[in-house]
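TrEMBL annotations:
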TRANSMEM  12-30  transmembrane segment
TRANSMEM  37-61  transmembrane segment
TRANSMEM  81-99  transmembrane segment
TRANSMEM  120-138  transmembrane segment
TRANSMEM  208-230  transmembrane segment
TRANSMEM  242-267  transmembrane segment
TRANSMEM  308-327  transmembrane segment
TRANSMEM  348-365  transmembrane segment
TRANSMEM  395-419  transmembrane segment
TRANSMEM  431-461  transmembrane segment
TRANSMEM  513-533  transmembrane segment
Amino acid sequence: MDLIKKIWTARKLILVVMIPLSLLPLPLIHPCSESSCAYVLIVTAVYWVSEAVPLGAAALVPAFLYPLFGVLKSSEVASEYFKDTTLLLMGVICLAASIEKWNLHKRIALRMVMIAGAKPGMLVLGFMCCTVFLSMWLSNTSTTAMVMPIAEAVLQQLICTGIADSLEDSVTVDTQDEESGESEKVCMDSQYPTNRDHMICKCLSLSITYAATIGGLITITGTSTNLIFAEQFNNRYPEAKVINFGTWFIFSLPIALIMLMLTWIWLHCLFLGCNFRETCSLSKKRKTRRELLSEKRIHEEYQKLGPISYPEVVTGIFFILMTVLWFTREPGFVPGWTSLFEKKGYRTDATVSVLLGFLLFLIPARKPWPSAFSKDPLAPMITWKDFQRLMPWEIVILVGGGYALAAGCKVSGLSMWIGRQLEPMSGLPPWAVTLLACLLVSAVTEFASNPATLTVFLPILSALSETLHINPLHTLIPATMCVSFGVMLPVGNPPNAIVFSYGHVQISDMVKAGFGVNLIGVFVVMLAIMTWGEPLFHLSEFPTWALMRNITGSL
């Protein structure tokens, strides 16, 4: 038993050592570039899926194995680890740091909840809407970490008010002080006054993690997997020029809105029942004492923020400006602002992102006129420490490792070899291939990290699409979206773990609710790719940019 315990304790170290050694015959027996690249790809993929080493560390494997096996030069591999999307992410993180530093996210969340009211159904919908909005611009994890404490304060107010109500019905007290003290005592001893209160806590907690996932789908910067797709696609098909902030937003916004409503209805029916009239009424006459007190608590929290501050105004202006400049860069149906420049193709979404992010380090956080005599009138909106605290360097290296693997597969010819092995699937219609890809990545991502799963699958699906003469976007976009649907387990993604840590939900609740959200997600994505996605990306035809890539790869 002691030996088994020691082996189990050292299982990750054993895996790290044994996987490369057991696969070593592959490049030694067949000493060609394809087998060497396959060796590196399998080792890295196993490290990612098993998380035997940190994701960022595993992403560095191609940096030393590719040069050792002669697949790519060290300088060529190094250039893959820092791309245009890295600059895009850095600019967005600067804006996110300013939003969090000056509590703009809290003001937005509380304001939207105040509009929705404290009826359970509307409260859940209000929190979902504000979480979706914030997650469009901030990371899913940051959004969940920001919104969940606000939701927890509201839930505790509901719970304590419910316990106080039950005390009034069953216990007679002499003084108001005694009543207040007894209420606080019971609030500490008992977590939920009724089963319905527990259901409300489950519903609201899970709705936040699902809404964060849905919001991340909307923008190309909303989640790391979107960035991975954009960079790998643009790197593999440089002539495509079809994926930018605007086209992605137009395609994904209807998906998010449909998913938001269907997910809300699913969670409401699962935890609160199907009586929407009772839980969603906006009439003040139908509000209970608990709901009125909860609304009062939300208003008090909002009042603590005080009047909107100068840094919040500046952050809001930068937020709007960045979005407008992204949309108008190359909208497609009219000339964008890049047409004002003589040289084309030099300016991307990253240019806007980094420029505005850089300005946040320069613009003072105080009004220039009355602050001339203040202690530090030139203190900037954000500092490097603010940026460093939010910058996900592990994701940057992970994305870079994915680019390096893709470059190795292309140079070695491995991607074409994989494509030839997938030729038996040529009899399937495009929608069936896409559905299989969606179901496969949705299943794998429940147990492996989303970025790692997508990084492994993108080159395979690209090669499959080229072999079957399907528009690569027909499979790549749905797979990119479905890889975010790891919502059934706490290990599926960090937002799940954050919500689970609050103790309101059990794993069985997450599996039951997440399975429904998974089905909803796959259904809506398939609906989108077969309806408004076709004219937007011309999915019914095999494009010339993919044909050129296919011919070049064959040669």
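Even glycines carry a Cβ here, placed using N, Cα and C.
Residues 36, 38-39, 42-43, 46-47, 50, 52-53, 69 of the same chain, all 6+ positions outside the transmembrane segment (12-30), place their C-beta atoms under 8 angstroms from a C-beta of that stretch. Within the same chain, the transmembrane segment (308-327) packs against the transmembrane segment (81-99): three or more Cβ pairs sit under 8 Å, each pair at least 6 residues apart. Each of 208-230, 242-267, 348-365, 395-419 was scored by its Cβ pairs under 8 Å to the transmembrane segment (37-61), and the highest score goes to 395-419. Listed as Cβ neighbours of the transmembrane segment (431-461) (distance under 8 Å, sequence separation of 6 or more from its ends, same chain) are residues 41, 45, 48-49, 51, 55, 58, 223-225, 228-229, 232-233, 395, 398-399, 401-402, 405-406, 409, 415, 418, 425, 468, 470, 472, 474-476, 478-480, 482-486, 488-489, 491-493, 518, 521-522, 525-526, 529-530.
Counted as Cβ pairs under 8 Å, contacts with the transmembrane segment (395-419) are highest for 81-99 among 81-99, 208-230, 242-267, 348-365.
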